[in-house]
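Note sheet for the following structure.
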């Protein structure tokens, strides 16, 4: 909520503010009224409508009163596909409340609303008690009338001279509650009416200025019962989500009286439907999915945003519409502005390709186009025009009969279309349709329908390559291009021998301690160094430090201090001597862990399961890149040979970046990290190192510090390390963090394999819950990697097998033969937080706290 209200010295009237009410003035100056506040109970707050976000309003109130709200998940009821979460909310000095919802966020909102209702007489819309409301001062009505503006039909205030009782610290809370009030619920003033946009702001006793406006709610429309599948497809298309996928899950009953079960997937959402036919079951599953998405807070926000954008665009078009001169179509540069300004990895890869590479070198053109469609957010549709390779199927249209020929005979072209793309003697023709933001149609022909589709795909990629290129350079764009080129250039190189001269200097009895922590992204590491008088023996001997959290995405500038609590110490391989590296947890001003601090809860869970002695070994895969983002050692204008000869390879033509791998391995050994080994991976310039076996929380500590060492070593070599789960689109392997896990029972020769199978059964019951914890974006990063190809399982399916790297869980062959050992969870992404991964595995298999997704 920080920054919502301007400071006193810079208060200005903001006509775009969404808070239409504030505490009125009684006629005295703002300075006088600021000293007249008095303490009253929360029950004396004016009855006002509910806010747009109860959590935000409650958080603002708690911040001002120096209180801390605590949300606790106390139960999870219902079926696995339709759970009901119950949260308990507690604040010191107030009675705890509970909230229920089909999603955790909805349950928290309900709990926050109930607590706000219990601490005041807030009234929701529909209550019989009329809404009483503070009045506007008279001077606000007299001095703000604009003769050029028309009067509105109604005004959002009532006349009252008495000052409204407000709780100190809650005046802005009341303002936030009033942001969603309906204009028709209030009686008009008897004074001359004025447009809301011309009414000046009203200053409360804290001199914060609030403007007047109203917001419009756009609810998600009701599903059409006659066509639920179409309604669901339209909904996903409107919010720019992938279309729904339907799979046959089960068939029950006799052949003449079968009952089918269809499962519908949209992102991480899942619904089922049953029916006497597959079509009927599909309709039921689509209807259930639509209702699930309709009640989802995430979908509501996306729909509201799209509706507001559409309303603004429609209003603008109406203002500029003319009936005399027809409007010209917008320039193609304006249509595809988002494409040529985009920094998405797939478009960057496409820009770096030459047209010849697009025509001849892409191993999987359709897969590459689908990667682009997924990142940019458009759909791909095919329309087969004719196919003469199968007689009596279709009739090939002549140029005079069809307007879809690749080049009309009467339109000359200075650049002929390659014969590999359009063949006049082809027996098949196909169209590919791209919806970005309007439909773009590309034609292709070939000797068969498959060849025609491939040609259309190539033409679509060539079109995207053209429109994604930067527009003609002006003086400004030339400067921007030069700046972009400089930003991608290799950093200024320094002479390491000169550095060593200074590192060899004695530093007396002082110790350099480099504090390392995880920033607000949950993926990147930050560090800074301080001097100590002596070498600490344990992390508790180290002082707590702080840093500017507003520069690491963890705090606002007005309250930016974040505390660093040391938790692990490692020898520093970069400066040597007695200098150390210190891994730290991050805490807010109220001593609560930051959102990216997953270690605190993970350590608590490990302590609860200490008697089962959980061991972890994590296989960290990573990719080396040049400064320009191109894979290290790859041809600048092409690709290396297909995958196969690079895994654990030797030879200058098969290995890229071995020096970096060897340096990192030696640095980990020096730092005392429990590194088990390292090797080259399937994709060239991709490597892996293994940390473990480690007991409990130390697995996450060692992996994060090993990642820090990897980035520092690559920094010395002028190379970038990428932990992206799918660093290269196309027929290339992704990158994961396969997690090997065992407990004391699994390692026992007697009954060990049975304990492993029992743990796998528990993991399978909450597959999607684990997926949301296995990458920092709740599963969206893993969706690009877990496709069922390239040694991965599908993100929506759970499977297990012996020595099968295409399963979710792999049991090594040696473990199956010995009857004891460990299992390998292959689902975590390369950029996962190991604390989150290990915590949810322990909760599921040891503590039985995660029952189902």
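From the backbone N, Cα and C atoms, a Cβ is placed for every residue, glycine too.
Unlike curated records, TrEMBL annotations are generated automatically.
Listed in TrEMBL for this protein:
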| type | residues | note |
| --- | --- | --- |
| COMPBIAS | 25-43 | compositional bias 'Low complexity' |
| DOMAIN | 53-121 | domain 'DRBM' |
| DOMAIN | 227-295 | domain 'DRBM' |
| DOMAIN | 511-591 | domain 'GS beta-grasp' |
| DOMAIN | 598-853 | domain 'GS catalytic' |
| REGION | 1-49 | region 'Disordered' |
| REGION | 396-418 | region 'Disordered' |
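DSSP states for the domain 'GS beta-grasp' (511-591), grouped as helix (H, G, I), strand (E, B) and coil, give 9 helix, 39 strand, 33 coil. Secondary structure of the domain 'DRBM' (227-295) per DSSP (helix as H, G, I; strand as E, B; remaining residues coil): 31 helix, 23 strand, 15 coil. Confidence for the domain 'DRBM' (227-295), expressed as mean pLDDT, is 91.
Shown for the domain 'DRBM' (53-121): DSSP residue counts in helix, strand and coil, namely 27 helix, 24 strand, 18 coil.
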